[in-house]
Amino acid sequence: MNSISITPGSSLKGELVVPGDKSISHRSIMLGAIANGVTTVRGFLRGEDNMATMAAFRAMGVRIDDDGHLLSIHGRGLHGLEEPGDVLDCGNSGTSMRLLTGLLAGQNFFSVLSGDQYLRKRPMKRVVEPLSRMGARILGRAGGNLAPLAISGGTLNAIGYESPVSSAQIKSAIMLAGLYADGDTSVREPSLSRDHSERMFALFGASLETFHNGVTVKGGIELHAQEIHVPGDISSAAFFIVAALITPDSELLIRNVGVNPTRTGIIDVLRSMGGSIELVDEREVSAEPVADILVRSSRLKGVRIEGQTVPRAIDEFPAICVAAACAEGTTSIRDARELRVKETDRISAMAVNLRTLGVTVDECDEGMDITGVERLGGGVAESFGDHRIAMSLSVAGLVSADAVRVNDIDCVSTSFPNFFSLLERFRTGAP
């Protein structure tokens, strides 16, 4: 299926469960593989990105059993990985490539990381540079900025690193390398990015300390296997949250969603726009906050989004842009230049597509201004191979005057394989 046409449907009512959190699923494989013992994972996201991570560790000698419900990772210990006999293919996954670069920097073997045509265009110098400071030997195209990356691992030195951007991928790559460094490795960010790595490192028994916008990891500490329960991904829930808000007479309950405070910027933004969003039955599972999310259709208004809210909602901006297009007034997004180096340039991609649907969008280097319309128009939208762009534009089709055809939608399997079947179920009002 390479394109889909979405037409307006009925109100969205009922309950649903979204796939497991992609970030937590990646990290459960990585830490489980280098821990001692067998780590079990329930709720693992079997999207293409996470399967790329799984394949990489299998290629390094890690036994991973998967019965479709429970994942069992037979850890090899901190120094038990084997040299892969071929290039490790990360597919479209920037998380796989950047975090693996950090982990592989500390291994006593040679490895090569590559990916698809989109991933090979994404900047890698942001992790290569600090890892090189630690003593890693990493070569790549464009002076180490573009994959494929060739990594000759070995002994690493601890560093203190001031990251120029708030990025969980940069932070996590350095933290993973820090497990193999001699001494204490620290990373500080301009503002705190998602902290799944810090939580999971602590759960597995790593020695770490957190401080204001930063973390310190002690090298040489062995990890121990855990039982992991992965909650639903709030980035996937975001599409249905926005869909319920903008579709009249809707009420959706999304069960078992991770509501880590470093990830709930989407909820804060949509509430500030007037959205009715309630967290129900808040609890903690595997060191992560979890809740059910109750959403009711709401009249939205434009707001300004900037500062520390941005990294807490960085992956949800395509969905936020659709909400802004349906809101009264203008929504201004600033401090969001990171969106330009995601799977695609998400600022440009959303601007182009929203204009196609009749929305006025003014683009700037670090963000955009979106002036909402009473009703979106129809048209042909392009995903640019970006799963979040494809899903956001499909949500727009729920409330458009005419059909929205979204091209190049196979990318959705990266993070939400059953997205379109769920969307169709609610769009048609099927039970």
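Each Cβ is built from the backbone N, Cα and C atoms, and glycine gets one as well.
The feature phosphoenolpyruvate binding site is assigned by Swiss-Prot to K22, G94, R122, Q169, R346, R388, with sequence analysis given as support. DSSP classifies Q169 (phosphoenolpyruvate binding site) as helix under the three-state reduction. Taking Cβ-Cβ distances under 8 Å and a sequence gap of 6 or more within the same chain, the neighbours of Q169 (phosphoenolpyruvate binding site) are G94, T95, R98, L99, R126, V127.
Take the CB of R27 (3-phosphoshikimate binding site) and look out to 10 A: across all protein chains shown you find 26 other CB atoms. As annotated by Swiss-Prot, 3-phosphoshikimate binding site applies to K22, S23, R27, S167, Q169, D315, K342.
Secondary structure from DSSP puts D315 (3-phosphoshikimate binding site) in a helix. Summarising the annotation, Swiss-Prot assigns active site, proton acceptor to D315.
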Protein Cβ atoms within 10 Å of G94 (phosphoenolpyruvate binding site), excluding its own: 21
Among K22, K342, R388, which are binding-site residues, the residue with the most C-beta atoms within 10 angstroms of its C-beta: R388
Under 8 Å by Cβ from S167 (3-phosphoshikimate binding site), same chain, sequence gap 6 or more: R126, E189, S193, P311, E338
Between D315 (3-phosphoshikimate binding site) and R346 (phosphoenolpyruvate binding site): CA-CA distance (Å): 10
Using Cα positions only, nearest of the binding-site residues to R122 (phosphoenolpyruvate binding site) (S23, R27, D315, K342): K342
